[in-house]
Amino acid sequence: MTQSAKTVLLDVKEASRSFGGLKALSEVSLHIDTGELIGLIGPNGAGKTTLFNLLTGVYPPSTGSIILNNESIGGMKPYKINHKGAARTFQNIRLFTSMTVLENVKIAFHQHARHSLFTSMLRLPKHFKGEDEITQKAMDILKIFDLDEQSEEVASNLSYGNQRRLEIARALAAGPKLLLLDEPAAGMNPNETRDLMNLIAWIRKEFDLTILLIEHDMSLVMGVCDRIYVLDRGMLIANGTPTEIRSNPKVIEAYLGQEA
Amino acid sequence: MKKLNKNFWVGIIAALAFYGVVQVLLTTGIFTDVTRSMLLLIGVNIMLAVSLNLITGITGQFSIGHAGFMSVGAYTSAILTLDYNVPFVPAIIAGGLLAAVFGVLIGMPTLRLNGDYLAIATLGFGEIIRIIMLNTEYVGGASGLSGIPAKTTWTMLFLFTLITVVVINNFIGSTHGRACIAIRENEIAAEAMGINTTRYKIIAFTIGALFAGMAGGLSAHTFYVITPGSFNFLKSFEIIVMVVLGGLGSTAGSIVGAVFVTLLYTYLREFPEWRMIIYSIVLILMMIFRPSGLLGKTKFSLGKFGKKEAKANDAISENSAP
Amino acid sequence: MEYFIQQLINGISVGSIYALIALGYTMVYGIIKLINFAHGDVFMVGSFIGLYSARYLANAGFPPVVVLILSLVISMTISALLGITVERLAYKPLRKSTRIAALITAIGVSFLLEYTGVLILGPQAQGFPDIMDKKQYTLFGSSIQVESNQVMILLTTIILMIILQYIVRYTKTGKAMRAVSFDVEAARLMGINVDRTISATFAIGSALAAAAGVIFGMTYNSVDPLMGVMPGLKAFVAAVLGGIGSIPGALVGGLLLGTVETEISSLGFSSWRDGVAFAVLILILIFKPSGLFGKNVREKV
């Protein structure tokens, strides 16, 4: 790997996580350079979401370190990690269901709000300025995802595909450097999936993003990802370009073993 | 934003008009003393319901200890006016502030809990406050404090109620209020989106306690006497009934709920057991048939919390992206 | 030292009552994740049924032991039916709602039972008939005294515990209960009748609370419609202390809380007794929410 000219954005060193006696992740090391689009694949129960949960602070790693942008974030609270520049989506969609589409995105801008609690409670001019700014920025994001016309719709009324897209929009609104997408195409048909992948590739360029993408289906990520990490039973078993991964015997075994 | 502003001023003017009419009716003696004390009680209850709604309806932290905050405010302000001759308004505000301190104290440790564990913990705190009052000779023990000057006038009460409603509603309608709603909707997602959930839960408890404390002070200066028993589990329950009846999460609903419960309370004064039976039946039926409450306008329903069925065949048009 | 042991013995009888009520809380919570606030009021109803049965049976001339056993059985049966009815009418429609909605309903049911009681029976306390003569025994030539009632309480609690353990471990219903509390959906798929299992849980829990009610009446000779509130809350504290969802935990939690309270009272702080129970609750919730015997549950992300 030639990383001499590149900067490492995310560096995970021997991160492990156990639940009781069960080792969900053992000594996983990986790194992502700024601007990369990385795939994380593996059979069911391989520990992909657990790794996401470590990266976003849902729980701390049992051992090992996680460095984001030269700063250790292992064990930091999720909201702090978000402030440090990592935002995520969830495998099982977690929208604020009774809030509108617009409000969902506005939440992600909260951390950048410049009007204080006090100004809001007294409705000082700064409150209105701050709120307008947030609304404007949120609408801009919604436009990109073609959700602007449904901005006043309650989130739970959106179609399934649009809910998934709204989740990505919301994560993007937080202004991350690293975007973590947990099976963004789950439940979509091949056409929708391809469209979504194109959208992801597009926002990556437009927003200078680094993306880590979990996908269950190997063939899906082959087209878009620069590199792919493969997890199996909590361990990293392979790492390389899509072509390398495709012919890696360990990967084939993990997947075939799964199907057998 | 302009629309918001307009609604705001319409509301304020309507409230002031209501105030004026009542003031005239009171000074001309058309409203009797009974009506007057009912109106004062309505105001106090609105403050309690709206402040609890911030904690439970907006932030989703179920609290059964609201009467505890009320108690702190009531005792503090009563002692200040009785023993230290502090003027009325500063005494009420001091009561609110001390209650807010309790809000922080209670908020901090219990925030690691959620759902029904938090509910039980708040109940425990409310009871502990009551038992402390019960055992403190300085505040009169079981017989409480009496002879508190009846300084709560209709004008004072109206002002405090209006301020409570406006400030809490302003909070809810801002990015800070949205952060609280996000916690209610999905705490994990809120945290992942950069909301410091602990901070906002404490803020909700603190603001809620502040206004509940002031309500307590106003109530103490209306009814001459306070005892630890005035702020027990039943009182907390009554405030919950108001909020749930009006619709969790709706300020207007809380106001309607507070008015309704106060009327029920006043007219069924002679039949306390019937009152409690009606409360409970209303609560049970409400939860089963209309969990969003009388005015529950938002989609927030206690009933359906899960996500919608997956509809996988929805068109996704990425090409629309510029 | 003797004084301490004396208080310990006194504590065990209060603790047994807490433990019996706590079992119902813990079993219901284990199975449907609901704090059944109305449980303390089932205890109250059980006590009243015990009172009326005991009065009637004693007047009819039955010997004391028969009166005791029959009153217990009648009270437990009717209360079990009450428990099932409450579950069917109030909780079952909310099976798919949030836990807060169910909790609010439970509080509603609790007040409904209490104030229906006040309406029908009046707010004043009623005396519980003396079923058995109270005797004092002195232990080992020391000054430690044991009352016949305390022996009766301990015996009843132990017998009920053995029956409960048998039901939960060896009967089909008990196995179904454990399965449902572990995973409702999986249990359903395995052909377990979930609704019936939940009803059975309520029935057993309510019967135990009723037994506690009868024992309480015999010990304190006074029952009233609001008597369930404090013991109910305390028993809940006991259940949390022991680890909610755990049957041995409820027993240990109840006995522990009972003895702590009695010791506090005996040291002259009886007016702080209730406060201590709640302080224990909050400390446990903050520092070890899973209790002494419970297991940690974490939301799946």
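These residue numbers are counts, starting from 1, taken along the chain as shown.
Note that Cβ sites are derived from N, Cα and C of the backbone, with glycine treated the same way.
Under 8 Å from some Cβ of the transmembrane segment (B:7-31) lie the Cβ atoms of residues 39, 154-155, 158, 162, 166, all in the same chain and six or more residues away from its ends. Look at TrEMBL and you will find B:7-31 (among others) tagged as transmembrane segment.
Per TrEMBL, transmembrane segment is recorded for B:37-55 (among others).
Same-chain residues lying 6 or more positions outside the transmembrane segment (B:88-108) and placing a CB less than 8 Å from one of its CB atoms are 65, 68-70, 72-77, 80-81, 122, 125, 129, 149, 151-152, 156, 160, 201-202, 204-214, 216-218, 221. Annotation source TrEMBL lists transmembrane segment at B:88-108 (among others).
Taking Cβ pairs closer than 8 Å, the transmembrane segment (B:115-133) reaches residues 61-68, 71-72, 75, 102, 106, 139, 144, 228-229, 231-233, 236 in its own chain, all 6 or more past its ends. The transmembrane segment feature in TrEMBL is assigned to B:115-133 (among others).
Same-chain neighbours of the transmembrane segment (B:153-172): 12, 15, 19, 22-23, 26, 36, 39-40, 43-44, 46-47, 50-51, 53-54, 58, 88-89, 92, 180-181, 207, 211, 214-215, 218, 222, 251, 255, counting only residues six or more beyond its ends whose CB sits under 8 Å from a CB of the stretch. Positions annotated as transmembrane segment by TrEMBL: B:153-172 (among others).
Marked as transmembrane segment by TrEMBL: B:202-227 (among others). Using a Cβ-Cβ cut-off under 8 Å and counting only residues 6 or more beyond its ends in the same chain, the transmembrane segment (B:202-227) has close neighbours at 37, 40-41, 43-45, 47-48, 50-52, 54-55, 58-59, 61, 63, 66, 69-78, 81, 88, 91-93, 95-100, 102-104, 106-108, 111, 140, 142-152, 156-157, 160, 164, 167-168, 171, 176, 180.
Look at TrEMBL and you will find B:239-265 (among others) tagged as transmembrane segment.
Away from its own ends, the transmembrane segment (B:277-295) comes close to residues 237-238, 241, 244-248, 250, 252-253, 256-257, 261, 264, 268, 301-303 of its chain (Cβ-Cβ under 8 Å, at least six residues beyond either end). Annotation comment: TrEMBL describes B:277-295 (among others) as transmembrane segment.
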